[in-house]
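Visitor: OK, TrEMBL features for this one:
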type	residues	note
DOMAIN	8-279	domain 'Tr-type G'
BINDING	17-24, 85-89, 139-142	GTP binding site
Amino acid sequence: MDFQTEIAKRRTFGIISHPDAGKTTLTEKLLLFGGAIQEAGAVKNNKIKKTATSDFMEIERQRGISVATSVLAFIYKEKKINILDTPGHKDFAEDTFRTLTAVDSVIVVIDVAKGVETQTEKLVEVCRMRNIPIIVFINKLDREGKDAFDLLDDLEQKLGLSVTPLSFPIGMGYDFKGIYNIYEKNINLFSGDSKKNIEETIAFDNIENSDLEDIIGSSAAETLRDDLELVNGVYPQFDKNAYLEGEQHPVFFGSALNNFGVRELLDCFVEIAPAPRPKMAEERLVEANEKELTGFVFKIHANMDPKHRDRLAFVKIVSGTFERNKPYLHVRQAKKLKFSSPNAFFAEKKEIVDISYPGDIVGLHDTGNFKIGDTLTEGEQLHYKGIPSFSPEHFRYINNADPMKSKQLYKGIDQLMDEGVAQLFTLELNGRKVVGTVGALQFEVIQYRLEHEYGAKCSYENFPVYKACWVDPDDPKNDEFKEFQRVKSKFLAKDKRGQLVFLADSQFSLQMTQSKYPSVKLHFVSEFE
Ligand code: GDP
């Protein structure tokens, strides 16, 4: 098959949701359609249940599972579907942000009873900033939930989406009768049988047809007609280009657990979702169909075997083909590397592959060469951008608890930060190291992994910081910036890339600083224009 056809076949996307909305269940049903798994229960639920006693074990368990489910691939209707896993737990939100740099589109899962939840708001905002095409799946229609129109309003108001429903529920919960598929113009009746993989649908070109009463009953028929009239009046016609530009957001309804409404979602998805999109590098825009390989590392996963510090670096291929044993340029390190056993992912397995195409993810065994954000090319000096760091929420001093093992400790900290487990800041004043994390759980992860993988011990000390702000002076030579550096020296640090960071100890002091030094811009994100 030729290169162009291979590219056009690929659909690489992520499923995002608030924990418990049904991401795992939906993923599993999608895999069932692709024939990639035979039975339910094959996709492990990789979430951390926050229990006071067994956090470490949960973390370790979760790490094992999340290697296995990092990328799930299957073929459906001749399309190669790559699902990138995004952890739902909020302590791992940064992981999800990074994964979103590697997807070409997303499906957002919403719980019909809960509606839009906070975790979803942040993730969708990141997608909208990057104009990533979004499809929404409203799940658990077999349960009582919010009114469909209220949910659509919620999506518009809380998530800022411009929705257009492509299916519509007939009843809900106890009265749930099925779904009218606006996109395909047919009705799918709900039987509550989760084993049914392929549902039978009844074609229904004209909703006014009186057969509707016979099929769903007269009162449901009347409601459906009214609902569809309202849908027609209020929401715009589906426009594929607007969806692809990230300006219109199709919505489907269903019940993942009952495998209901999932086929409709998938059929529409393979038809409308984008093939690998061009990606912006610092130097230029790179198209997927360029012949030379380019790609970037968006995730690094430590091997589960603590004796080997072998890691798996996940590379998203943006253009060209990735071939086994061919030398590629690691741009940051300015050296050529060859990979004898690149991994591709299929269903819940990984295997060695000779060639991968744009949209695919390859897993490269790494002994410490890669950092998140690194670019691989065939020689071009290219740097993919768009993996910014966000201000952490929790900060602590990290101290060496075993002076004999300081080398191990620093190596361990270095590698864990490369993996993106947390962010390290070095105070300008005294060189002390401060770890910043999104959730408190990461402090335990770091301590545990330093001990078990690097043989080093650390302790923490509180360091009250409200936010880390990346410093961006209008003029690094002006007196205002010099005064800022002098007065705030206690709160200044360098991040891992050497960028200057201001650690504000409270919202108040941040505001004061901003108003006192207006020419020194402070950003909550490490990348700014
Ligand atoms: P995740 O945290 O988003 O991955 O959510 P899960 O897929 O693990 O689902 C959370 C819970 O909701 C599980 O107990 C599922 O069985 C249940 N669930 C998922 N989909 C449905 C659905 O369509 N209907 C009902 N009633 N329950 C569902």
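Glycine too: its Cβ is placed from the backbone N, Cα and C atoms.
Source: prediction; values computed, not measured.
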Visitor: Are any of the binding-site residues S17, D20, T86, L141 near ligand 1, with a Cβ under 6 Å from it, and if so which?
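Guide: Checking each Cβ against ligand 1, the ones under 6 Å are S17, D20.
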Visitor: With every protein chain in view, what's the tally of Cβ atoms within 10 Å of the Cβ of D20 (GTP binding site), excluding that atom itself?
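Guide: Other Cβ atoms within 10 Å of D20 (GTP binding site): 15.
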Visitor: Tell me, roughly as an integer, the mean pLDDT over the domain 'Tr-type G' (8-279).
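Guide: Residues in the domain 'Tr-type G' (8-279) carry a mean pLDDT of 85 in this prediction.
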Visitor: Translate the DSSP assignment of K23 (GTP binding site) into the three-state scheme.
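Guide: Helix, per DSSP.
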